[in-house]
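Engineer: Following this message is one structure expressed as structure tokens.
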Amino acid sequence: MRKPEDAKSDSGLRGDYEGAAADYTVAQDWDAYPEETHDRWRRLYARQSRLCAQYGAPQYLSGLARLDCAGGIPRFEETNAVLSTATGWKIVPVPGFIPDGVFFDHLANRRFPVTRWIRDEHELDYLVEPDVFHDFFGHVPILLDPTFADFLEAYGRAGERAMAMDALDMLARIYWYTVEFGLIDDGGTLKAFGAGIVSSAGETVYSVTDPDVLRLPFDPVRIMRTAYTIDTFQKNYFVLDNLDQLMRGLVELDFGPIYQEWRAAPPIPIGERLPGEQPHPAALAPVKETQS
Ligand SMILES: C[C@H](O)[C@H](O)[C@H]1CNc2nc(N)[nH]c(=O)c2N1
Ligand SMILES: N[C@@H](Cc1ccccc1)C(=O)O
Ligand SMILES: [Fe+2]
């Protein structure tokens, strides 16, 4: 993930950072969304919910159903009523990318920053910065899962140490390969739960059906050493057996010695398979792409 050096000034980011508070939150200003932006949301939602019904993880899908947000850009206050009861999380509106330290602090306090603006009509398939569709449709449903909710808070608390140890790249790869691009084994079938996948029509299908992509078993140190691409579909994914692995494998693991050992080493190139590595068992027969 790229981030602004100083997002509040001239950063090349398209959100409006002018009125933002010290923690980079803004008002959602729901009444100011033109009707055409709600219509755009409905079309994105319809396409993506159909694809996710087939390729999305059950933990993600159950959250999506409970959010009941097919009809237009959600009012964040209404979302927060559902979210706070379920897992104690809330979402806060932001202008876009925010500095790492601020981002971690929100997560550590169970606040998920959601960009308020929606992509333009010509960007329905792809955009560079996160918008409200990616942030909300991709990230919020799984925050209703209690295990994932606890994991993401712990991830936020881990930020300070990673920054102090000059190992932010390694921690960011954890986020990338789980929160953004994670796959999970659903009784022998690969499913997607990462926000970057489930908010993208192309990658939802590709991530679980492409026969050539590398899908390795979840392995924290391997992930922390693996480079990633921000502007094409991923060339490797990591597959969880279940969401508890995030707690047992990451929260309970002491990253300090791992940072120390690997932070100065060049990362493993994208898509490279190391000697002896085998795909996750559920990835031996990738899901067949079917019409529905
Ligand atoms: C390392 C850290 O997780 C990452 O770069 C942060 C920075 N700021 C962000 N800001 C927003 N709004 N959304 C994000 O996903 C991130 N990611
Ligand atoms: N266990 C990690 C913290 C962490 C928690 C959750 C996710 C990622 C990292 C550490 O020692 O720093
Ligand atoms: Fe994201």
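Note that Cβ sites are derived from N, Cα and C of the backbone, with glycine treated the same way.
Note that the structure is a prediction, hence the values are computed from the model and not measured.
OK, TrEMBL features for this one:
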DOMAIN    1-292  domain 'Biopterin-dependent aromatic amino acid hydroxylase family profile'
BINDING   His134, His139, Glu180  Fe cation binding site
REGION    270-292  region 'Disordered'
Engineer: For His139 (Fe cation binding site), write down the residues of its own chain that are at least 6 apart in sequence and whose Cβ falls under 8 Å from its Cβ; none is a fine answer.
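Structural biologist: Sequence-distant Cβ neighbours: Phe112, Val114, Val179, Ala195.
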Engineer: Taking 8 Å from the centroid of the Cβ atoms of His134, His139, Glu180 as the cut-off, which other residues in that chain fall inside it around the Fe cation site?
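Structural biologist: Other same-chain residues near the Fe cation site: Pro130, Asp135, Gly138, Val179, Gly194, Ala195, Gly196, Ser199.
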Engineer: For the region 'Disordered' (270-292), jot down how many residues DSSP puts in helix, in strand and in coil.
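Structural biologist: Once the DSSP states are binned, the region 'Disordered' (270-292) shows 3 helix, 0 strand, 20 coil.
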Engineer: Tell me, what is the mean pLDDT of the domain 'Biopterin-dependent aromatic amino acid hydroxylase family profile' (1-292)?
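Structural biologist: Overall, the domain 'Biopterin-dependent aromatic amino acid hydroxylase family profile' (1-292) comes to a mean pLDDT of 94.
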Engineer: When DSSP states are folded down to helix, strand and coil, where does His139 (Fe cation binding site) land?
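Structural biologist: In three-state terms, His139 (Fe cation binding site) counts as helix.
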